[in-house]
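Q: I have a structure I would like to understand better, so I am pasting it below and will then ask my questions one at a time.
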C-alpha cells in the first residue's frame, strides 16, 4: 500500500511539473519518458486536465467562444495524433523495411528506402499535375470517339491519344464555366505548374542530399566508438516476442558491419600483381564503354526507324501497333542484359571490398543508361520535333509511355530470370554457386533510369508520375518477395553509411540536371505543334509567359510582377550574383563542417587520453 501511494505521489509530482512547462517543452518531456505509448497518453491527458483545472481555480472565466476554440484546438491535436498513429500503422512497408534491414543489412535496405522515397516523390508529382492541369481540362474536354481495344495499354496509342494522358489533348483556351466569372488560363497553368514542380524537385533533392550528407558522411559515430551500440541500444519497451527477435537480428547485423569496418584488411600486392590488376581494370573499362557505345548506336538507328513507322500512317491495325513496341523492347532488353555483363566484369576484377565492386558497377551502368537517354532525347528534340507530324509532343509522350511500361515489365522479368531461376540453378544444378546475392547497383540504376524517363515525360504526358507510382509500388513488393525467397544475405557484411547519399547524388546529377536541359531546350527553343496542345500557334512554349507579361504592363497594380520578370527572371546578372552567393555560402558551410570534424577528432583524442 505504501509503494502504491508513493508511486501515486511521484506521478502527481510529474503531472504538476509537466503542467507548469511550455507546450513545446511539455511535448519533448513526455516523448522522453521511459514509458509505453499507452502510459504516455494517460500522463498527457492528466496534464491537460490539470492545466484546465488550474485555469478554473485562477478565477479566469473565458468566454464561450474562447472555450470553443480551445476545445477545438485540443480535439484537433488529438485527432491529428491519432491519425498519424493510424497512418504509421498503414505504412505497408514499415515492417518490411525492418525485416530487410535485420536479415540483409543496411546495404540492401538502402535500395528499398530509396525506392520508398521515389514512390512518395511520384505521389507528390501526380497530385500537383492532376490538381492544376488535368482537373481543369476535364471541364473543357471534348468527347472521345475512338474505340478502346485493350492494346492501348501497351502501346499508349489509339484511344489514349484523345485523353488527358497526353499533351496534345489539352486546350489552349481560357476555361470559364460561368459567364463573366473567374477564368482559368490553361497555357499559364500548364507552364507554371511544370516549372514550379521542377523548382520544388530541385529544392527537395538539394535538401535531401544535404540532410543525408550531414547524417551519414559527417558521421559522429566514427569518433564516438561502437560500445554504445552494444551497451545502450536496446529498447526495453519492446515486449512482443517477434519484435524482440527482429531487434536482436538487426543489432547483430549492425555490429557485424561495424566489426568489418574495424577489421578491414589492407592487402599488400607485389609490383607484378598491381600491374596485372591495373591491366584487368583497363580491359574491363574498355569492354564496358565499348558495349555502351554499341548499345547507343543500336538505339539511335531503331529510333529513326520508329519515326518512319509513325509517319507511314495512323492505322490502328495489330501489326502497326505491335511495331511501335520494337524500340522500347530493344532499349529495355539492352538496359537489362548489359548490366549483368557489367556485374560479371566486376567479379572478374576481384575488388577488395563489396563497396568498390558496387560503386564501379554503378558508374558503368549509369554511363550506359544516361547515354541511352541522351540518344533518345536527341532523337526526340532534333528529329521528331522537326518532323511533319501534326502533334510531335504526343508522339514523344507515347514513346516515353512505352519505354516506362516496357522497362517496368523487364524489371519484373529480371527478378524472375535473374534471381528466381538463378536460385534454382544454384541450389539444384550447381550447388557450389549457392543462392544469388541482391544486385544493389543494377537495381538502383533501374530506378534512376525509370525516374529520369518520368521527369522528361511530364511535359508531354502530365499523368506519367501516377503510372510510375503504381509501377514502383508493384516493384517494391515483387523485389521484397524475391529478396526473401531467392537471395541470400551478402557474404561479406559491410556498412553503407554513404549509400543513400550516393543514390540521391546520382538522381540529382546527371539525371535531374540532364532532364532540366532537355526541358529547357523544349520550352525555350522548340516550336510547338500548330494543331494541338495548349501552346499551339506560339513561337515557343515560353512565349506564353512573355505575352502574359505584356498584358500585365497595362495594369498599374501588376507593375511589380513586370519588374520582377524584367530585372530578375530574364536578367543574367541576377543569376550570376545568385550563383556567386550560393558558392560562397557552400564554401563557408564546408569550412564550418571541416572545423567541426577537426574539433570532434581532437575531443575524441582527449577522451582517450
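Think of each number as a place in line: the chain as shown, counted from 1.
Any Cβ shown, glycine's included, is placed from N, Cα and C.
Per TrEMBL, the features are:
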TRANSMEM  117-139  transmembrane segment
TRANSMEM  188-207  transmembrane segment
TRANSMEM  282-302  transmembrane segment
TRANSMEM  322-346  transmembrane segment
TRANSMEM  358-380  transmembrane segment
DOMAIN    391-497  domain 'TMC'
TRANSMEM  400-417  transmembrane segment
TRANSMEM  453-478  transmembrane segment
TRANSMEM  499-524  transmembrane segment
TRANSMEM  573-592  transmembrane segment
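Situate these features within the shown structure.
A: When Cβ-Cβ distances below 8 Å are used as the criterion, the transmembrane segment (117-139) is approached by residues 164, 169-171, 175, 177, 184, 186, 189-190, 193-194, 196-197, 200-201, 204, 208, 447, 451, 454, 458, 462-463, 465-466, 468-469, 472-473, 476 of the same chain, each at least six residues removed from its ends.
Within its own chain, the transmembrane segment (282-302) has Cβ neighbours under 8 Å at 326-327, 330-331, 334, 338, 341-342, 345-346, 348-349, 364, 367-368, 371-372, 374-376, 378-379, counting only residues six or more beyond its boundaries.
Long-range Cβ contacts of the transmembrane segment (358-380) within its own chain (Cβ-Cβ under 8 Å, at least 6 residues beyond either end) map to 107, 285, 288-289, 291-293, 295-296, 299-300, 303-304, 307, 331, 334-335, 338-339, 342-343, 345-346, 349, 351, 396, 399, 403, 440-442, 444-445, 448-449, 452-453, 456, 502, 506, 510-511, 514, 518.
If one looks beyond the transmembrane segment (400-417) by at least 6 residues along the same chain, the residues whose Cβ comes under 8 Å of a Cβ in the stretch are 153-156, 160, 165, 324-325, 327-329, 331-333, 335-336, 376, 446, 449-450, 453-454, 456-457, 460-461, 464, 467-468, 471, 474-475, 478-479, 482.
Sequence-remote contacts of a segment are chain residues at least 6 beyond its ends whose Cβ falls under 8 Å from one of its Cβ atoms, and for the transmembrane segment (453-478) they are 93, 112, 115-116, 118-119, 122-123, 125-126, 129-130, 133-134, 164-167, 194, 197, 201, 373, 377, 393-394, 396-397, 400-401, 403-405, 407-408, 411-412, 415, 447, 511-512, 515, 518-519, 522-523.
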Q: Where among 322-346, 499-524, 573-592 do we find the most Cβ pairs under 8 Å to the transmembrane segment (188-207)?
A: 499-524
Q: Reported in the order helix, strand, coil, what are the DSSP residue counts of the domain 'TMC' (391-497)?
A: 79 helix, 2 strand, 26 coil
